[in-house]
Amino acid sequence: MLTRSVLRKAPRAFSPFLQKRNLALHEYISHDILRKFGVDVPRGAPARSGEEAEKVARDLKVTDLVVKAQVLAGGRGKGQFDSGLRGGVRPVYDATEARMFAEQMIGHKLITRQTGPAGKICNVVYVCERKFIRKEYYFAILMDRENQCPMIVASDQGGVDIETVAAENPSAIIKRSLPNSPNLDPHIAEELVDKLGFSSSSKPKAVDAIVKLYKVFNDCDATQVEINPLAETTDHKVLCMDAKLNFDDNAEFRHSNIFVLRDISQEDPDEARAAKVGLNFIKLDGNIGCLVNGAGLAMATMDIIKLHGGEPANFLDVGGNANAEAIREAFSLITNDPKTTAIFVNIFGGIVRCDVIAKGLISVVSALNLNIPIICRLQGTNQGAAKEVINNSGLRIFSFDDLDEAAKKACRFSRVVEMAREADVNVSFELPL
């Protein structure tokens, strides 16, 4: 799977936040989309039970098959299920064997290096024919955000972890920025096919596949079309064996037929919950919860926390919806993470007045009865009235005007709470006189 370590070797402007917010689809759905654009893929169908997997295998009428767990994570082949089964991609040779492996996958969590120890639930398997491959290639189209155009990333070392290839043999990675156009110039595809080393018999098919994959990327508002491997078979056909398609969430209004296929079970439940109420929330690995309005201010808040030795627990942009209901939901999401040791509220009041935000904040904090420190910085319209409201509330909300000072205090409080938890003691905070 194309992830951050590969992108570091590509232009710098790939934002992890933008990547994470894009719609990702299961392999079997991606294959269906590719088929509609005339791209050749192996025959196959999804199954949601062992019985269905057996039927699909029989209907394919071949003895060389593969059963693939459908989870949105890389490293499936080397993963392990909580059922004890090793490997989320298993070759099988008859329908009975397909059923056996499907039953050990469906309803179980697959743990890979990308899912972490929690794993991801497998609700569907993809049963498809297995092809005899002469050569495997890697091919992807994604957005070059620095140059504001599509970019091809390709390699003649496909079928393996592209991150490993990029780390061990960076010269094997081909990158090319493309002009913004509804169609790919076939000459660009021909040049790439020559560099990758397709056989002369398969070159026309490879060019055709690449041109059509670009059409998928453009027409579907995709942010990434990744094929690994793009395979040349022993009979010189060119097939997209495994496909990962990501789509721009901002284009949902144009592609409701695609976005309706989103599998919420594969997404972080807190992030999915936040999206439903219009909050832009992304979990991170730190322990200082952040509640901010505006993506730019949210990024700056995380930067200054890290500058002072802290680690943000989340990215949370409430946007222009910083009312009591949004703040309540935001606090609920932040405190749902047991790692959180402090909460930094950093709001700039423009159209929404600071005193209104302060009243909403006080209402939420009073109801939640939190035992972790809250550091608050409200700047903008009616900021003086907001500070007065907070100071008169009697709640332990630490209010600051200066961003740097507020960030330092958040980091210090966080360390105090962390040390108290390690020592298994309670700690309380009082406002200075």
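Glycine is no exception: its Cβ is also placed from the backbone N, Cα and C atoms.
Annotation source Swiss-Prot lists ATP binding site at Lys68, Gly75, Arg76, Gly77, Glu136. In the three-state DSSP assignment, the secondary structure recorded for Lys68 (ATP binding site) is strand.
Taken from Swiss-Prot, the feature Mg(2+) binding site covers Asn228, Asp242. Secondary structure from DSSP puts Asp242 (Mg(2+) binding site) in coil. Sequence-distant contacts (6 or more apart, same chain, Cβ under 8 Å) of Asp242 (Mg(2+) binding site) comprise Glu27, Ile227, Asn228, Pro229.
Annotation comment: Swiss-Prot describes Asn293, Gly350, Ile351, Val352 as substrate binding site.
As annotated by Swiss-Prot, domain 'ATP-grasp' applies to 31-273.
The transit peptide feature in Swiss-Prot is assigned to 1-23; the stated evidence is sequence analysis.
DSSP assigns Glu136 (ATP binding site) to a strand in the three-state reduction. When secondary structure is read from DSSP and collapsed to three states, Arg76 (ATP binding site) falls in the helix class. Neighbour count (other Cβ atoms within 10 Å of the Cβ, all protein chains): 24 for Asn293 (substrate binding site).
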